[in-house]
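Beneath this line is the structure, given in structure tokens, with notes to follow.
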Amino acid sequence: MALLVHLKTVLELRGRGDRIAKVTFRGQSFYSRVLENCEDVADFDELSVSPQTFRWPVASSINSNEMLEIQIFNYSKVFSNKLIGTFRMVLQKVVEENHVEVTDTLIDDNNAIIKTRLCVEVRYQATDGTVGSWDDGDFLGDESIQEEEKDSQETDGLLPGSRPSSRPPGEKSFRSKGREKTKGGRDGEHKAGRSVFSAMKLGKNRPHKEEPQRQDEPAVLEMEDLDRLAIHLGDGLDPDSVSLASVTALTTNVSNKRSKPDIKMEPSAGRPMDYQVSITVIEARQLVGLNMDPVVCVEVGDDKKYTSMKESTNCPYYNEYFVFDFHVSPDVMFDKIIKISVIHSKNLLRSGTLVGSFKMDVGTVYSQPEHQFHHKWAILSDPDDISAGLKGYVKCDVAVVGKGDNIKTPHKANETDEDDIEGNLLLPEGVPPERQWARFYVKIYRAEGLPRMNTSLMANVKKAFIGENKDLVDPYVQVFFAGQKGKTSVQKSSYEPLWNEQVVFTDLFPPLCKRMKVQIRDSDKVNDMAIGTHFIDLRKISNDGDKGFLPTLGPAWVNMYGSTRNYTLLDEHQDLNEGLGEGVSFRARLMLGLAVEILDTSNPELTSSTEVQVEQATPISESCTGKVEEFFLFGAFLEASMIDRKNGDKPITFEITIGNYGNEVDGLSRPQRPRPRKEPGDEEEVDLIQNSSDDETDEAGDLASVSSTPPMRPQITDRNYFHLPYLERKPCIYIKSWWPDQRRRLYNANIMDHIADKLEEGLNDVQEMIKTEKSYPERRLRGVLEELSCGCCRFLSLADKDQSHSSRTRLDRERLKSCMRELESMGQQAKTLRAQVKRHTVRDKLRLCQNFLQKLRFLADEPQHSIPDVFIWMMSNNKRIAYARVPSKDLLFSIVEEELGKDCAKVKTLFLKLPGKRGFGSAGWTVQAKLELYLWLGLSKQRKDFLCGLPCGFEEVKAAQGLGLHSFPPISLVYTKKQAFQLRAHMYQARSLFAADSSGLSDPFARVFFINQSQCTEVLNETLCPTWDQMLVFDNLELYGEAHELRDDPPIIVIEIYDQDTMGKADFMGRTFAKPLVKMADEAYCPPRFPPQLEYYQIYRGNATAGDLLAAFELLQIGPAGKADLPPINGPVDMDQGPIMPVPMGIRPVLSKYRIEVLFWGLRDLKRVNLAQVDRPRVDIECAGKGVQSSLIHNYKKNPNFNTLVKWFEVDLPENELLHPPLNIRVVDCRAFGRYTLVGSHTVSSLRRFVYRPPDRSAPSWNTAGRLPRGCHVLYNGGPSSHPAGEVVVNMELEVPVRKLETMVKLDATSDAVIKVDVADEEKEKKKKKKGSSEEMEEEEPDESMLDWWSKYFASIDTMKEQLRQQEASGIDLEEKEEMDNTEGLKGLMKGKEKARAAKEEKKKRAQSLGPGQVSEAPEKKKPKIDELKPSLAQVYPKELESEFDNFEDWLHTFNLLRGKTGDDEDGSTEEERIVGRFKGSLCVYKVPLPEDVSREAGYDPTYGMFQGIPSNDPINVLVRVYVVRATDLHPADINGKADPYIAIRLGKTDIRDKENYISKQLNPVFGKSFDIEASFPMESMLTVAVYDWDLVGTDDLIGETKIDLENRFYSKHRATCGISQTYSTHGYNIWRDPMKPSQIVTRLCKEGKVDGPHFGPPGRVKVSNRVFTGPSEIEDENGQRKPTEEHVALLALRHWEDIPRVGCRLVPEHVETRPLLNPDKPGIEQGRLELWVDMFPMDMPAPGTPLDISPRKPKKYELRVIVWNTDEVVLEDDDFFTGEKSSDIFVRGWLKGQQEDKQDTDVHYHSLTGEGNFNWRYLFPFDYLAAEEKIVISKKESMFSWDETEYKIPARLTLQIWDADHFSADDFLGAIELDLNRFPRGAKTAKQCTMEMATGEVDVPLVSIFKQKRVKGWWPLLARNENDEFELTGKVEAELHLLTAEEAEKNPVGLARNEPDPLEKPNRPDTAFVWFLNPLKSIKYLICTRYKWLIIKTVLALLGLLMLALFLYSLPGYMVKKLLGA
């Protein structure tokens, strides 16, 4: 289907100019070529510019109301194009008639008709053939359709490839066979006309019609070429979209019949690596439960570690650090689960009860920025009770480090900010804080195609006896998710098991585990084996956006791959079946589905457990996965070469399989082929295949598959490789297979892949352009973005087809929606980005585009498989040797070109590799075989076109039954056409090769393979940078196919580099590919295409790059006249070695004379060579065959420096800097008798950084070409008249980081500079606001005694954190600013606006950079002394000082000398282990002769050449002072998960071990020590600071060490000897440390740099060169006396030294650097960090003062007195035994956090009926407190076995609890409150005002600090949690807190409880408060008197009455008798 628009002419144009047309349809625009200098007629039909036809392949039929729009512009190269007029046309007529010609007028912007007329022809062809008949003209190269889409012009303007711009002449013209229009896309990815044209099969060999061809552009692109190109292209854009040659061979120019070969050989997955998971558990809060003893358990995978137990608290503080080390493959690592759980009252006897747990997988942590979560709160939930809410929070740090990752630890300062839990949850970005419980239903339906898993021995016996034939596998499915696993039932002996079961997981949603693992296993009595594994990535089957969807999948088939299918008892590739590494064979396919249901936890019927359940699932119909269609796979083997010689002796066959189809050897369980059911409309399918009736057909009368090539014996190519002699007869295979028709999925993935490939290739180009400094990378990037947005539009129009497909799953629909949304927005973003790409933003935008690329690749990966991948196996002797795997989507055919697989109908170069682990390491790098293979996969009904992409010129050979049948596939192809060629390989040089010998060098030679020939260059000994300069000529090459096709698409050349060994075979060092430039016999050998240019090709060894090859390749056709026509080979021929021909002139680079000066300084740390020490070393420098030797060092031990410093040599180097050869540095040791041995060598691969470029004096004010200081007032000529012209005044305003401290600088009235020290208004405002809301505690002034070095340190850390935060926030602006600084164009000044902005930002930054916990709100009336604290901050660097100052290599460079082989990854050897020493020196490269002015400068010393002003390198004695502040995050060294660290320092022979001062059981020790060492440079210049772990028994273990090169620091211009502090002070903790005062330093720097100055005066002012610095001129001594001084301004000059013209550079400030600690046993993984700094003082200078005191602060002793007066409203717990009344026996317990063992209880207030209790009870808590860190310090033994006490630092928190005392059972806990003594709510005045909200923080209560208030009294609420986990008020307590220092407490003692001294009076408790068994009478009296008085009286009366009645009755008879008897 296509719409074609043919633009003919535009008439009656006005004026004269360049015209261009733009044609738009469905949002896709094409541009015509530019017609230059048109007058009134623009004839687009002229043949000189090819005719303009635009073509839109349309996927959905065109509506009759759609519009076509054509705009005509006046084209301008510089400005935007100007619109002349527009033509719009409704396509109704076109749709009806299929062909319309129109001539019509245009309309202008205002819709007014203008005179200009347009003549256009439009055609339309619909797919169904309803409209438009196909005539030959539509396909063949007639003139009507020779134009391509614009994007082809844009991007193919230059072919990236073996040459910058050779557009093959076949380009932009039709191919002779006419089936395809060629297009020169880089990988030939987009074949424009393919979709419709390939449907036609025209005659076999059409005579080749020559088309007019455009001349090729020259090889090197200059600007004017770009413009010329733009004219050719005629896009109205600038030449944005021109693709420049990429230097790597990866992007070789593959035009269209070949697809891109993949150069990386080795499977990277599956190889184990080192990982370290470090977890710090800081504290827990809000744990649910009453009075618990919590322990935190940390699990990673199967490893468990526990924290210590904290007693009776709901918010324990731990701060414990755990490290887990792993050595596994990344896949296994990232699926491990990290589980953090809190357990209550665990001890030796019982395991404790789980409070709650939290889990996430390691991959989630690893994908975080910096691979870590820092100080985040994990939410605990109870997996056994999902209806309950959250169970508390644990605050932790989690980090995962792989080898070589460096983690930036956010700096550990005092954490004072009250934690906002909700804002800092341990969840990745975008996961909602309230996660809900959900059920994950994994439905397992059935499986097919399982391999056999048992031996057939028993089966055969059974079969013989019983006759039953059983399937030899008992499968079941196991699913792993989030640390749980569930499995289905076992289906006994079935290759096609049916389960229909579902495995149900319950977990929080969204889950923090990314992958679910589904595994089919074989049940076995001994052990179960995995058959195959599939991972479901939840991110791919769900979308968390607003319009997202829950995870859903299927029902769909997933394919499983693993080891080969033949059953062996011990399968060496079993790992592949577990999902590790790339599967090498199809194992089975499984039909599964997945659904997620969010649970409503309030529902009472819900089962609340999260156990995995397995239930029956409803079966589904067979058709639900799609209609089963017959697919056809065709392959033709065009070449098989480079077959490893091990396989050379037996015949070889190749087998292709798809699923189990085609697998003859061990396919075994053949899939039952579905019989094609006849349905109406299925006729055509049958028509294609009928008439095939012969003996070879199977029962259906179909063609049988042929899946393997006939066996053939290989022939020798050379010593290592063989090839199969296919010659003109190419074997073919074809396979029929049946799969559900789910092509739409693959099509959509293909469209996205195409977009991504184009994007990737464009981005590589842009990077290459930036790297090689080609001009205009931004234009190319704009073109790339334009292409991207067009691609996204195409996707939207194509992907939305087949909506009605019955078998589309929910995931299909949802994914389609989300892909469309994503691509739409990506297209929009690309458009907007395109507009923003400017020259200085290219790098940033490039990064953003990389994100697009990742997103596209992610979206293109389809989670629901359909057709399995295709495997190509090389078989020898029926054994499988090597394989290649090609994804089926890459081979899939579609009539729409964008949907076509990238390798479909193309010749693909495949390198076969060894399966499984055998392919790792060096074995995997040798190619087993190289195939040129043509593949096609599609529906059988579309089969007729499967040969369309083969090189032309063949005849088909069919099997007997296929003769005469058009659609019957051939079993081989016979090429009738062959061409003779000669290949010339110009091998110039290679660089940075792999070191293959133990000397650290190699003896490299290159082997070049082309088709079935190979040749080698000569071997060059002992080098890593061979310059072979050799031409290899391959004669008699026969290539099959049409000549012109070979011109476009020559086969690739493989170049392998080997190391020649005297013994054994050569070692493989790397390989690369190239495409030759082809010259046909009828072309002239002349520019611009010939001779070819040399190019760099990247060499790969496995997955790693291993150097570059500089070479050029040309393939010359030998015409009828034989070789006489070829360009002559002339050049010297070396007779001894046979004819070695050099690279001819014209190809070899143009050379000119350069001089290389070498500064020889010295050698360091040389290791022994063959056990002998190095004594008399010498350095040899070699470059391009010339060189120079240093002087000999006579005694290396005594003085390792050279005595002759500078030597030079002249050499011829290429003009093009990119082609400069490497320079080799070798160190040899001269031994007796003239022998010498190689010690080590170093290769400088690029001389660019050493090339001297003379300063550009024409630049305006070149001498001020420094960057200007930020935020300084800079007044150039024309400032106030007091400054002579040309001066720059820098005054101190704003410069000192007076962070909101006003009038910091005391100014003298006499200073003449205009200095306004004021605070910006906004800051004043801020201050007012802040004052208003600030708590009382803030207004306290810090007292002078509190300020020490540590105050400064912590303040500096806060500043650093703030700066880092700012940087992150304004990262993008900063980058842009840097870009601007970097562009050399901006040599002059910063523009006024910019400057103002910088100053403003600086001011803002300072305003904001107040860290927490600092003396911030200092009122103006403050003492000046306190003011000193702020400006004197030290710079705290979060990394090494070297990384900040460019390794201090400002003039002295360090070159590592290497020896020994380069390690391969698996043995874990790093470059570190190969270093055998270091050479110090430098290089300077410049063209001869040098400009005169350099040598004429004052003081030029010719012996030093370019290295003027270098200090002498004689030995010098230095005092080195090392200050070690603290270490953080040390790796635990003891079993208990802690370490006992101490410092060890080594320098030369000095070895200090500070063993006695080890710090017990601490992973974050504060050392606070300084060490003085005397050393003499150069002998002792490497300082090692190590941290060891002290052990009582045995040797101490090294935790980690860091090495500092002191010499580079000492000699650096950055003056790293002693940091420049921010202020000058003569006393106090901030004293000036350097023996030289600032003024002396300035004077010395000026003298050394030959700078005019310093001129001091008038006071407070100094002038250096043309800069003037002004500042304060007085200083205060310790007695408060003021003295005049120049030091302040001198210091200001030093702090702005980088602004001094010519010599300026940044001086090292006073600082603390953070250095990573490394352990040689665990290379590349940090073992902790050490904060330190080093001062150095030469001994010949005045001695420095005493070292600074940085010893750790001693905690201050305090006593906290707490009086508990009363309680009120306490809940009543007990029921009275007699009366059932509610009451409580209250007592109050209190302790200071962390000292539970010292808890104190009041006495009991018995029988409180109202909840009121009276106590008058005093607690006393003595404690040690560090005010600066706000922590209490406790020292205690961890256990009875501990050797010494461990120091803990914990927050100062007071806990008060109320309890109900019980006599016989445990006491009941009622409620508690915890008060943070630094900030707790002020108590309420009365019990009534005391509310629950005070404690929960829901209302703003004023906070107080006991350290400021000293005494506080009030009521506080006590809380507990009820059954629903909600807080409830359970009582109130009235207490008084009184804090005293230990001294005050001693003077004023008080008694505990109510004791002397100062006793409290007894509480006045009501009578009820007594105990009945102590005073029984009292209680009886109470019971009787109060409540039951009347009851008792009544009872007594009643009893009396009864008694009388009884007596009466008793005595009645006696009386009666008496009466009767009358006694």
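Placement of Cβ uses the backbone N, Cα and C atoms for every residue, glycine included.
Listed in TrEMBL for this protein:
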COMPBIAS  169-192  compositional bias 'Basic and acidic residues'
COMPBIAS  208-217  compositional bias 'Basic and acidic residues'
COMPBIAS  681-701  compositional bias 'Acidic residues'
COMPBIAS  1335-1345  compositional bias 'Acidic residues'
COMPBIAS  1373-1382  compositional bias 'Acidic residues'
COMPBIAS  1391-1404  compositional bias 'Basic and acidic residues'
COMPBIAS  1418-1429  compositional bias 'Basic and acidic residues'
DOMAIN    257-378  domain 'C2'
DOMAIN    421-552  domain 'C2'
DOMAIN    965-1090  domain 'C2'
DOMAIN    1136-1263  domain 'C2'
DOMAIN    1490-1619  domain 'C2'
DOMAIN    1740-1891  domain 'C2'
REGION    146-219  region 'Disordered'
REGION    663-714  region 'Disordered'
REGION    1321-1345  region 'Disordered'
REGION    1365-1429  region 'Disordered'
TRANSMEM  1990-2010  transmembrane segment
For the domain 'C2' (421-552), provide the mean pLDDT of the predicted model.
85
May I ask which of the stretches 257-378, 1490-1619, 1740-1891 has the most CB pairs under 8 A with the domain 'C2' (1136-1263)?
1490-1619
Check for me, if you would, whether the domain 'C2' (421-552) reaches the domain 'C2' (965-1090) - at least 3 Cβ pairs under 8 Å, residues 6 or more apart in sequence.
no
Structural state census, the domain 'C2' (421-552) (DSSP three-state)
14 helix, 56 strand, 62 coil
Please work out the helix, strand and coil residue numbers for the domain 'C2' (257-378) from the DSSP assignment.
14 helix, 61 strand, 47 coil
Mind tallying the domain 'C2' (1136-1263) by DSSP state, helix then strand then coil?
11 helix, 56 strand, 61 coil
The DSSP breakdown of the domain 'C2' (965-1090) into helix, strand and coil residues is 6 helix, 63 strand, 57 coil
Mind tallying the domain 'C2' (1490-1619) by DSSP state, helix then strand then coil?
17 helix, 53 strand, 60 coil
